[in-house]
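Pulled from TrEMBL:
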type: BINDING; residues: SER63, ASN113, GLU157, ASN164, TYR188, TYR239, VAL257; note: substrate binding site
Amino acid sequence: MNYQNILQEIYQESLVQPKIGNIATYIPELANVHPDKFGISLTTINGDNFGIGDSNERFSIQSVSKALSLTLAFSLYGEEIWKRVGVEPSGSAFNSLVQLEYEKGIPRNPFINAGALVIADMLVSGLKNPKQDFLDFIRTTSGISTINFDEKVAQSEKNTGYRNAALANFLKSFGNIKNDVEEVLDFYFHQCSISMSCHELNHAFFFFANEGLTQKGIQILNQSQIKRMNALMQTCGFYDESGEFTYRVGLPGKSGVGGGIVALMPKQFIVSTWSPRLNSNGNSELGMFALEQLTTKTGLSIF
Ligand code: GLN
């Protein structure tokens with residue numbers, strides 16, 4: 001398979017697409033990014049790397065981090081996690097408050113904000129130095145020691161994160177946040193602020209495509225747990241657009257409001273895209289287009 005040629009073709013086709021969607025501005029710092037940034041990077045299971053456009057430029061990974069925080073919590077607590085968060089698609093927006101009332105403080109899944117806040121709470125409980133340990137975990141899965149938080153982005157979200165504060169307090173009222181709400185929010189805003197390039201994301205997500213082993217051979221999760229993680233990314237990774245992403249792209253993946261998407265084909269490749277213009281569901285419009293082209297042109301999808 002000539003991946004570089006395929007990426008080149010997709011890139012050319014993407015550049016002439018209508019510029020649909022808007023950059024996220026509810027976190028003011030994210031609005032400083034140029035909306036026309038665009039990169040794609042693909043890493044094969046053999047370790048070959050292909051990239052085009054802004055694939056080496058770092059951006060705010062935002063909710064892409066939720067797949068990694070869940071992984072760390074899953075490795076610490078195993079199936080216990082599912083007592084406090086579900087595994088069902090939510091069919092509602094990533095920052096929605098409504099279901100929590102009916103479901104008595106048990107979020108539908110770990111990728112909507114409510115679920116990710118519960119996972120953040122578990123990590124605050126289970127890690128000695130939560131923020132540093134989480135950062136070190138991503139440095140370990142990726143093998144890249146320079147990955148860091150973007151304090152400006154974290155602070156910017158803290159200043160305006162009223163919805164997440166509401167969610168965290170609401171969860172606390174049901175007893176599903178154990179730690180101090182401020183501490184959990186601080187952890188969550190920091191995990192979302194992590195800055196990485198498409199290329200770096202491929203390395204960090206390599207183990208999802210490699211039965212739980214990083215590129216350096218470190219076992220992060222076992223095979224059964226990896227099946228579960230990929231299943232969750234497939235069914236819940238794109239919030240109320242998870243069905244659409246599955247229909248068009250056919251790969252498990254995770255998006256973020258910084259415009260990043262990571263998707264993977266087990267035992268074949270990991271692919272990341274970055275384009276900050278988001279559709280109304282908070283997913284990257286051009287990123288979804290590019291990934292749909294990739295699975296169409298290569299004929300490779302899990303379906
Ligand atoms: N930090 C963002 C928020 O909580 C992450 C949302 C996202 O990327 N979908 O609103």
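Keep in mind that glycine also has a Cβ here, set from the backbone N, Cα and C atoms.
Counting neighbouring Cβ atoms within 10 Å of each of the binding-site residues (SER63, ASN164), the lowest count belongs to ASN164. Secondary structure from DSSP puts GLU157 (substrate binding site) in a helix.
A count of other CB atoms within 10 A of each Cβ picks out TYR188 as the most crowded of the binding-site residues ASN113, GLU157, TYR188, TYR239, VAL257. Taken residue by residue with DSSP, VAL257 (substrate binding site) is part of neither helix nor strand, so it is coil.
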